[in-house]
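The feature transmembrane segment is assigned by TrEMBL to 32-54, 74-95, 127-147, 159-179, 315-335, 355-374, 381-399, 405-428, 440-460, 472-494. The domain 'Major facilitator superfamily (MFS) profile' annotation in TrEMBL covers 36-496. Summarising the annotation, TrEMBL assigns region 'Disordered' to 215-263.
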Amino acid sequence: MYTSHEDIGYDFEDDPKDKKTLKPHPDIDGGWAWMMVLSSFFVHILIMGSQMALGVLNVEWLEEFHQSRGLTAWVSSLSMGVTLIVGPFIGLFINTCGCRQTAIIGGLLNSLGWVLSAYAANVHYLFITFGVAAGFGSGMAYLPAVVMVGRYFQKRRALAQGLSTTGTGFGTFLMTVLLKYLCAEYGWRNAMFIQGAVSLNLCVCGALMRPLSPGTDGDDPEGKEPHVLPAHSTESVQSSGQLGGAEEKGGGPGTEDSLGDMPAQACHEKAAHRKDMCAFRVLKTVSRLTMRVRKGFRDWYLGYFGTASLFTNRMFVAFIFWALFAYSSFVIPFIHLPEIVNLYNLSEQNDVFPLTSIIAIVHIFGKVILGVVADLPCISVWNVFLMTNFTLVLSIFILPLMHTYAGLAVICALIGFSSGYFSLMPVVTEDLVGIEHLANAYGIIICANGISALLGPPFAGWIYDITQKYDFSFYICGLLYMVGILFLLIQPCIQIIGQSRKKYIDGANV
């Protein structure tokens, strides 16, 4: 997905023998590459951070529209889910328009979604403006930020991705404080106006996504328009000279009349020439655009629908099943914790230091520490991945039993640290499918996470509407999450048993 010689970071250059050789790009692993990390860092702050802070607005929407918690939670879950689910389809825009243009358009659409949501008269209006429009804009800005970091780094790719994704934790902390302040001072509608203006910084982040080579991101490789002859071209001068010379030689009585008609004839020729060139440029632009769209669609189609072999990998299918339930256990606390705090009468303590901010801050350290531990030669990445998943499941089961701020803070810290396994997901995916299928496989996993984020918060809200408690929603999500982990554990055993059985049958036949 999205790979070319520009993406890999090498330019083709003619050597003295007219052969194509590879020359490392000077910005790979240095120079402008760190600006890509900075750009991606702020994209994570503005998109993922603001989405993780939507619990603040969820409380405001419940008070404003007096709808059920299940229905209201759809607004936040749509925004989160659409951002991730559309990831594979945003690849079509990247292949056609390039990362820079895609991110800038996404920033404009995301900002527009925030601003239009300030005029919401009901929850259903927010489904369209905030859930779909702002969510789609977030997806258009988010994926290019991840792709460009991968393009600019080879040796330090893991470090670069780790640094850029820490923006999620910083953003959750900052956006939670910002939205709480704006809602308290100006009301939630004006807060969304201001947040829409802040989201325009996504366009600045997109503008920083400079392609590695002049031909990258769909630009013309030469970067130049074909030279157009001016109106007074050499040919016209020669033809005029020949015409004048012929008439001078003729010397007839009509010579003066023909010379008098020359300016008007030249004006007509210039006008016709300009019309022809204008039509030529329009046709050339349309042809280029058509070719770019066709090429982009072909690359996108082959990248995602040409990977049917991925689904013959049973372990990868089990990994998809795990992803369908895993992300909701991380998202639900962010959406419903602010209201849970109100139900437990812990608002004053939570206002001093929000529980969601605890998750966000510890999440940053979790990503860094787990990444360092997983890189140790004596440690298996899979073991670290599974242990953190079990810790997260255990935290989800214990959370409903805590009714004090201190107890909830400890559990939130565990959730934040154990959820740092997100930084290990690309490594685990590569172990399953290989480096050649990593991009496509990871896009499918992210899409599955999006479905989990889409359905998890509304499900928790519906459970509360039925039971008047959030406890059962955490228990059910924890059980489903545990089933997904068990699939990851059981599938290798099934494969080993199948291989042993096949060897036994082959040996018996011999």
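Each Cβ is built from the backbone N, Cα and C atoms, and glycine gets one as well.
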Contact call for the transmembrane segment (32-54) and the transmembrane segment (440-460): at least 3 Cβ pairs under 8 Å, seq gap 6+: no
Averaged pLDDT score, the domain 'Major facilitator superfamily (MFS) profile' (36-496): 80
The transmembrane segment (405-428) versus listed stretches 159-179, 355-374, 472-494: most Cβ pairs under 8 Å: 355-374
Range from 127-147, 159-179, 315-335, 355-374, 440-460 with most C-beta pairs under 8 A to the transmembrane segment (472-494): 315-335
Non-local residues, at least 6 beyond the ends, that sit with Cβ under 8 Å of the transmembrane segment (440-460): 1, 70-71, 73-74, 76-78, 80-88, 91, 303-304, 307, 310, 316, 319-320, 323-329, 331-332, 335-336, 425-426, 429, 432-433, 470, 473-474, 476-477
